């Protein structure tokens with residue numbers, strides 16, 4: 001009896017200590033979470049419920065959302081980032097995977113040098129990357145006119161309505177492929193070589209081993225990287241904003257949803273509608289990530 | 001197939017045509033990834049007119065080497081505001097990174113080592129926050145900060161950077177995997193308080209994870225563009241990313257006298273040097289951080 005109640009007492013003390021110290025350690029994050037995530041989101045949602053015009057501000061419920069989802073500027077931007085996602089994500093991940101597999105099969109000094117170079121753009125801010133490529137694309141300052149002349153060809157006009165899509169895909173691919181490659185490469189490193197040793201003895205080719213063993217073994221990393229790249233692309237902002245300085249007629253202010261929200265809040269002074277656009281975009285991104293994680297539940301590393 | 005014996009000895013070597021193929025692919029990759037960087041290095045040594053009319057094309061140095069003059073001009077143009085931007089970037093990145101890392105350490109440790117009421121729900125919120133796109137918060141933050149008069153202050157850029165759910169997630173995983181409960185229990189039995197246990201026993205073991213989280217949050221803050229571009233209009237508070245795009249826009253739209261292309265190029269080059277060096281020298285830490293979430297079994 002006595003020992004039982006002593007044990008119960010000890011448990012109670014431990015539980016109380018857990019409660020007190022657990023919250024003490026996590027509360028600073030809780031405060032930051034509340035101040036810089038919950039409150040802004042709630043406030044943005046609240047604002048999106050109102051509309052301001054010359055007669056004042058009045059409650060309009062979901063009218064702003066109806067407007068957003070029938071607004072060609074918002075829908076156009078959304079469609080554009082979806083198109084970017086469909087094109088860019090496979091290119092980046094495909095290249096990252098090829099480089100990771102090659103470097104994994106080809107371990108020497110030259111390979112580690114290549115790995116460093118491919119990763120280098122990640123250490124350069126997106127703004128500077130876009131600035132550099134913007135210069136490179138320029139007819140007067142960039143090298144492509146000369147390079148293409150060498151082959152007797154005319155350089156493509158990058159900063160025109162037909163060239164801008166590819167131009168932006170290229171900037172982002174240059175910037176992010178190395179980052180994804182490093183993640184995939186490390187996943188490959190963690191596979192035990194014993195796994196493909198027997199396959200090799202059975203005479204399987206390197207290509208076959210890569211396809212049937214290595215790629216399935218790093219599936220969880222592939223899924224994670226896809227989510228990162230998906231979320232990043234839907235939020236497209238920095239690169240088109242920087243290139244817009246050089247090609248204002250090709251990239252308009254509603255080129256992507258984030259640019260549109262920024263312009264509405266800043267230049268057009270429509271904070272309520274800007275809040276609506278931001279909230280809608282955030283909602284769509286979360287929705288996409290959840291759907292994607294559900295579809296690939298087994299592989300995803302971001303659970304529990 | 002012919003060489004099962006050798007392949008057993010050297011499992012990772014590829015030979016013959018495949019080797020040539022690999023080398024060619026990697027060389028093409030190196031050229032592609034280095035080309036803009038090389039262009040920037042060359043361009044930052046040119047004067048404004050050299051950028052347009054350089055004698056040896058855009059991929060080679062012009063006859064006139066103007067790097068030092070460009071740097072001198074960076075010190076005088078608009079009263080040397082460039083260095084102010086660089087300093088601001090350092091402040092935003094180093095201090096913001098430090099504070100957000102401290103918060104992540106505490107929270108990760110709390111989640112990993114204590115059982116408390118509401119923990120599960122709270123941690124699910126952290127995971128949920130990982131999915132919320134950071135840019136979706138920029139406009140709401142801007143609106144709320146204009147309401148309370150916080151726009152156009154350094155706080156407007158520094159404070160939102162404290163929110164780092166990825167840091168909390170990484171620290172929790174690290175504490176769970178590398179910090180044995182027995183060790184903390186032993187310190188408690190010895191009569192050490194929770195704070196003393198944390199500072200003297202746990203913190204030293206967490207050092208590699210701390211370095212990784214600090215590096216990653218610093219890089220995030222250094223690269224920040226959308227938020228400062230929206231919440232700052234006073235050019236004295238700009239980080240380098242916003243400042244340089246401002247000069248780019250001015251050079252594109254302005255009259256000849258306002259064109260400072262040479263400052264945009266040399267300014268860009270100087271601004272990337274610190275981060276590139278940090279990445280080169282701290283390789284093992286960022287590799288750890290980038291992969292911590294992915295190789296978890």
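The backbone N, Cα and C atoms fix where each Cβ goes, glycine too.
Taken from TrEMBL, the feature domain 'ABC transmembrane type-1' covers A:78-292.
TrEMBL lists A:20-46 (among others) with the feature transmembrane segment.
The transmembrane segment annotation in TrEMBL covers A:81-104 (among others).
Residues annotated as transmembrane segment in TrEMBL: A:116-137 (among others).
The transmembrane segment annotation in TrEMBL covers A:157-188 (among others).
TrEMBL lists A:209-231 (among others) with the feature transmembrane segment.
With a threshold of 8 Å between CB atoms, the same-chain residues lying at least 6 positions outside the transmembrane segment (A:273-293) that come near it are 41, 43-45, 47-48, 51, 64-65, 67-69, 74, 78, 226-227, 230-231, 234-235, 257-258, 260-262, 264-265, 300, 302-303. Marked as transmembrane segment by TrEMBL: A:273-293 (among others).
Against the transmembrane segment (A:157-188), stretch A:81-104 shows more Cβ pairs under 8 Å than any other of A:20-46, A:81-104, A:116-137, A:209-231.
Residues 85, 88-89, 92-93, 96-97, 101, 104-105, 176, 180, 183-184, 186-188, 191, 195-196, 199-200, 285, 288-289, 292-293, 296, 299-302 of the same chain lie 6+ residues outside the transmembrane segment (A:209-231) yet bring a C-beta within less than 8 angstroms of a C-beta in it. Note on the transmembrane segment (A:81-104): residues 111, 114-115, 118, 165, 168-169, 172-173, 176-178, 180-181, 183-185, 188-189, 210, 214-215, 222, 225-226, 229-230, 233-236, 256-257 of its chain, located 6 or more positions outside it, place their CB under 8 angstroms from a CB of the stretch.
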